[in-house]
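> Take this structure, written in structure tokens, and hold onto it; I'll ask about it next.
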Amino acid sequence: MTTDTIVAQATAPGRGGVGIIRISGDKASDVAMAVLGHLPKTRYADYCDFKSASGQVIDQGIALFFKGPNSFTGEDVLELQGHGGQIVLDMLIKRVMEVGGIRIAKPGEFSEQAFMNDKLDLTQAEAIADLIDATSEQAAKSALQSLQGEFSKEVHELVDQVTNLRLYVEAAIDFPDEEVDFLSDGKIANALYKIIDKLDLVQASAKQGSIIREGMKVVIAGRPNAGKSSLLNALAGKESAIVTEIAGTTRDVLREHIHLDGMPLHIIDTAGLRDTTDTVEQIGIERAWNEINSADRVLFMVDGTTTAAVDPHTIWPDFVDRLPSNLGVTVIRNKADLTGEDLMMTEEQGYSVYRISAKTGLGVEELKQHLKSLMGYQSNLEGGFIARRRHLEALELAAGHLQLGKEQLEVYLAGELLAEELRMCQLALSEITGRFTSDDLLGKIFSSFCIGK
């Protein structure tokens, strides 16, 4: 943990109505005396001159002083709010540096200091960056929920429950006379099952929070001339892809980023899949499979005029066999305007099958609702929180340890091994909030922040 005094511009670079310089550390009060000539009253806005070492006025504006630990970083903090011209702000930072013992802050260092001083935990610190980077209203709302501690609260409750159960198991092992057959009396099993159920709910919420932040990647795949590019255009609401009657028109990957009621969706149109001797087309098909293998969902486009089948194993078994085993597939029977099929959804052999006309737009709205449901969309997400991929990985790791602990309890009645799995679960959960986190991870997280945050 650094004890340096740091300074940075807190507002975006460039011209603006207001520009803010933020200073945090022991020398913040020295800066106030040097630049303002006095120390402003704590937590009061003070309109004054910002002066150079020779007494010349650099700018005029509002000075705010926050005495640590009652500040964002937990240290003494001084904010100088002046005019937003970049030259003026650069002059002001240069003046602050003249005080001595002050350096320019690294990206995210103010938030890192707040984390180190227990003003917020790691999920709250990450939520600051997520709030700034939010690309939709729902993402902003969810990031604010995380900033206010909604995600942290869920994780802390889980950690407390796991810790209490672990202590009970270890105490029963150390003092066997106090609890006879403690592993088979049902108390531990019931407590463990409740924790597993609670973690399942948190995982589901975190997965949705991750989708809100990062979006779901949906790849449109199928044979040439099945209508893939027409579907991309219909979902995007604009002519993003060239559409012709010539099979193989699309030879490269096309991407569109849209929002469905605040839920970000990454739509990928790919080259038609077929055997070909055309070198350029072969490259496009290889890229298509790369996108399919990293997708969250595949929309398998079928030209409804070529087959009446609905089961993808019947339509194209080689395609289905090559798909990753855990990849979800939605079958899209296209060209319903030509086949006369009813625009409806059915479940066939575990697959959702939609009949649409990408050309006319018939059935596309129903498909959008399907995609929203896959993303876990709810009309009221006021209690939702934002989540990152590392959070999902930590929750998955914690869930794995709980399942191993459950096996040790149910199959082997191994109290010591159950206690160890609970300890590992506790560590995985605590890494989410930063209670137990490596310096490398902290550096990676905070380095992605804006300077001045």
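Using the three backbone atoms N, Cα and C, a Cβ is placed for every residue, glycine included.
Taken from Swiss-Prot, the feature (6S)-5-formyl-5,6,7,8-tetrahydrofolate binding site covers ARG22, GLU79, LYS119, LYS453. What Swiss-Prot records for 225-230, 244-250, 269-272, 334-337 is GTP binding site. According to Swiss-Prot, the feature K(+) binding site maps to ASN225, THR244, ILE246, THR249. The annotation Mg(2+) binding site is assigned in Swiss-Prot to SER229, THR250. Residues or ranges marked as domain 'TrmE-type G' by Swiss-Prot: 215-376.
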> Identify, among the binding-site residues ARG22, LYS119, LYS228, LYS335, the residue whose Cβ has the fewest other Cβ atoms within 10 Å in this structure.
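Relative to the other binding-site residues in ARG22, LYS119, LYS228, LYS335, LYS119 has the fewest Cβ atoms within 10 Å.
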> If you count CB neighbours within 10 Å, which one among the binding-site residues ASN225, SER229 has the smallest count?
ASN225
> Just name the winner among GLU79, ALA271 (the binding-site residues) by count of other CB atoms within 10 A of its CB.
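Selected residue: ALA271.
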> Rounded to an integer, what is the Cα-Cα distance in Å between LYS228 (GTP binding site) and ARG22 ((6S)-5-formyl-5,6,7,8-tetrahydrofolate binding site)?
51
> I need the CA-to-CA distance for LYS335 (GTP binding site) versus GLU79 ((6S)-5-formyl-5,6,7,8-tetrahydrofolate binding site), whole Å please.
62
> Around ALA271 (GTP binding site), which of the listed binding-site residues (ARG22, GLU79, LYS119, SER229) come within 10 Å, judging by Cα atoms?
SER229
> Can you tell me whether DSSP puts ASN225 (GTP binding site) in helix, strand or coil?
coil
> How would DSSP class ALA271 (GTP binding site) in three states?
coil
> Should ARG22 ((6S)-5-formyl-5,6,7,8-tetrahydrofolate binding site) be counted as helix, strand, or coil on the basis of DSSP?
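In the DSSP reduction, ARG22 ((6S)-5-formyl-5,6,7,8-tetrahydrofolate binding site) maps to strand.
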> Do you know offhand how many angstrom separate ARG22 ((6S)-5-formyl-5,6,7,8-tetrahydrofolate binding site) and SER229 (Mg(2+) binding site) by C-alpha?
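Approximately 50 Å lies between the Cα of ARG22 ((6S)-5-formyl-5,6,7,8-tetrahydrofolate binding site) and that of SER229 (Mg(2+) binding site).
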